[in-house]
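For 110-232, the entry in Swiss-Prot reads domain 'MPN'. The motif 'JAMM motif' annotation in Swiss-Prot covers 181-194 and rests on sequence analysis. As annotated by Swiss-Prot, Zn(2+) binding site applies to H181, H183, D194, with the evidence given as sequence analysis.
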Amino acid sequence: MSEKDNQGHRERIREKFFNNGIDGFAEYEILELLLTYCIPRKDTKPIAKELLNKFKSLDNVFKASFDKLSTIDGLGKNSITFLKLLGELPSIIYKDELKNKKLIDKETLKISNKDILLKYLRNKIGYEEIEKFYVIYLSSSNEVIEFEENSVGTLDRSSVYPREIYKKVINLNAKSIILAHNHPSDNITPSKSDIELTNEIAKGLKNFGALLIEHIIITKNSYFSFLEEGLI
């Protein structure tokens, strides 16, 4: 495709979006359109199709690692950064939503905005290829004080230090916490060490007047709730 023809094609797909929105776009056309904003003077359709052929879905494209995206011919540092930034936007939006809501029902001590929480966790760590352990610290009014990436591990484990969590609870004057970690294997079944760690932290928090409300294992396809399964 000549540069003139390519420019005309870009304008046509942009015009299609301006007139009709995203409805009617194939997944590769969405990627093609996005890539026109970070890849100048180049036909982005083949790149978009190769991305979907390799990663199978838009979600997987946006959550793919820098190294994996680097294997796609035509993608450079700028375009990969652009795609990675797009992949982070949902978790930022969901995090902001959670900040403005009471996360725990005071009467039942259950999570009152679990759908948003699960969307946040799935977008933040559900697609990661190594285990990451998150702690959400809550105030006495059940509002989020802080989201913390507590530890980063390997493919099947992360090193979590309960003392560091207790120290943070004291410093923040948190009254409850929610734990979450991902399983890169996509198997949501808790391991023996997951259960033991959960029990240890729940017991230890009581010494500081705080509660463990929930522990969630998240993957890109599902989740496991310790609370729902009666393990807390």
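Think of each number as a place in line: the chain as shown, counted from 1.
Backbone N, Cα and C define each Cβ position, glycine as well.
The least crowded of the binding-site residues H181, H183, D194, judged by other CB atoms within 10 A of its own CB, is D194. Mean pLDDT for the domain 'MPN' (110-232) in this predicted model: 93.
Counted with DSSP, the domain 'MPN' (110-232) comes out as 39 helix, 36 strand, 48 coil.
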